[in-house]
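A.B. asks: According to TrEMBL, the protein carries these features:
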SIGNAL    1-22  signal peptide
DOMAIN    13-179  domain 'Reelin'
DOMAIN    216-331  domain 'DOMON'
DOMAIN    335-533  domain 'Cytochrome b561'
TRANSMEM  375-395  transmembrane segment
TRANSMEM  415-434  transmembrane segment
TRANSMEM  446-465  transmembrane segment
TRANSMEM  486-505  transmembrane segment
TRANSMEM  511-530  transmembrane segment
TRANSMEM  568-588  transmembrane segment
């Protein structure tokens, strides 16, 4: 099976993508105005990089070489501003010298008015040309933001001021001097959170339901305690990187009000953020948060803070007087940079108002429609189709007695295959109902699912037009029917392997992979046993016939002897299949 390799490759790719700054491709247009990375950390005060120019005077239309250099850095943003008013839009445009390491940006609707990196690879020097506009201010100052790594960066590193000829010397306006931003104070929690007031004074979300973070290390806990104008938030859970929660208008990631507690150097940073889609959260200012505190003990991270119920005019912070779905997620973090959550977030079953009546609720890591989808596919392709194939292949000679006018083996086979197709069709529709369309983030799984559905339909159509037993086309039908059925079973198993790793289901591992491999080995082993038995039985009939015993009697006696063995193997096989099926259905039910 190639699935583990596929999963590992996807995971490594995710880590590589996540190990750099918020915008590893340099598309930092949203940061053009303030030139501030959305990293949530305090910028450094003493810049290590510097800007140099080829000349100190310029005329409109002239081109000047600008160099940004220093110790190796990953990202940068370079602009030219009016030195007398640095808050104005960028001035002029740039021309690239090396398009492999730098790219042009359109800031404030001015094409090429800024330059940024093209990748997170380290660079020590960037050279570009600045093109002076026809209407340029008397004095132009170059500014650069440089990112060494996620938590270490410098904002608006001042460069040289170049001036037009015959103008008065430039003097620094006092208004351009601004104090460095400060962060709200953070304290240490002296004791663990507890669930004693859940449903009474606290609105609590817990997984497992009714667990207590004070007594159970594995308890994932989120509580909201309201007072007059604010809400006290407590969050706790086992994590080696970060814990987070978000308020959402729907069950989808995007346009959400989120809060993250990030472990870095044995310190927990509490950070408000917002989600703009299925991408990395954008860190916001910590100003809206008060009374921040944290605690680390026995692999459990706990953090708390207070925020106002409403923030009139403040972007990205939701009004907590309304109802929302609530997401709870955790994952790994590296140098303050969080990676994708380790499993599908815990999502509440419905919308809740955390400032209303205190409740004690739970959630699920997988939504009901996706659970049903997985359960139906497991039933269809681990049980009904497998048993139906064995009956058609090995019980045809012994189940010839008529059942409703047709041989019993065929009636049972047809019933199981129709059940398989019906379950597959229902399961096939559920993800489309849930997503409202195609899921572009599920890898190869939906494509394989479509192939399985097509083959299942083709199998039904071919069976409906099956030629009579002695028709010359019957042999072609038999091979076609067998080929499509075998292909459908193989592709269905591959789709199940991939589907088990998707966030929507995300069965706990690594047992799921071993269990699926065990099921495949169990089925193949059963077929081999029955094939060997059938071969030995046919050889016995041939020997008896060679001894000139009537072939009908020998065949009947041999089949009677072998029928008991086949029934025993089938009974054991069905019991084994039901065991595997129960394992998977139980895991889905507990998600």
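The backbone N, Cα and C atoms fix where each Cβ goes, glycine too.
Remember, it's a predicted structure, so these values are computed and weren't measured experimentally.
Each of the listed features needs to be described in terms of its position in the shown structure.
C.D. replies: Mean per-residue pLDDT, taken over the domain 'Reelin' (13-179), amounts to 83.
Sequence-remote contacts of a segment are chain residues at least 6 beyond its ends whose Cβ falls under 8 Å from one of its Cβ atoms, and for the transmembrane segment (415-434) they are 367, 369-370, 372-374, 376-377, 379-381, 384-385, 387-388, 391, 446, 449-450, 452-453, 456-457, 459-460, 463, 504.
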A.B. asks: Taking the transmembrane segment (568-588) as the reference, which of 375-395, 446-465, 486-505, 511-530 gives the largest number of Cβ pairs under 8 angstroms?
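C.D. replies: Against the transmembrane segment (568-588), the leading stretch is 375-395.
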A.B. asks: Using a Cβ-Cβ cut-off of under 8 Å, list the residues of the same chain that are 6+ residues beyond the ends of the transmembrane segment (511-530) and lie near it.
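C.D. replies: For the transmembrane segment (511-530), the far contacts come to 1, 3-4, 382, 386, 390, 393-394, 493, 496-497, 500, 566, 569, 573, 576-577, 580, 583-584, 587.
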A.B. asks: Treating G and I as helix alongside H, and B as strand alongside E, what does DSSP give for the domain 'DOMON' (216-331) in helix, strand and coil?
C.D. replies: 0 helix, 69 strand, 47 coil
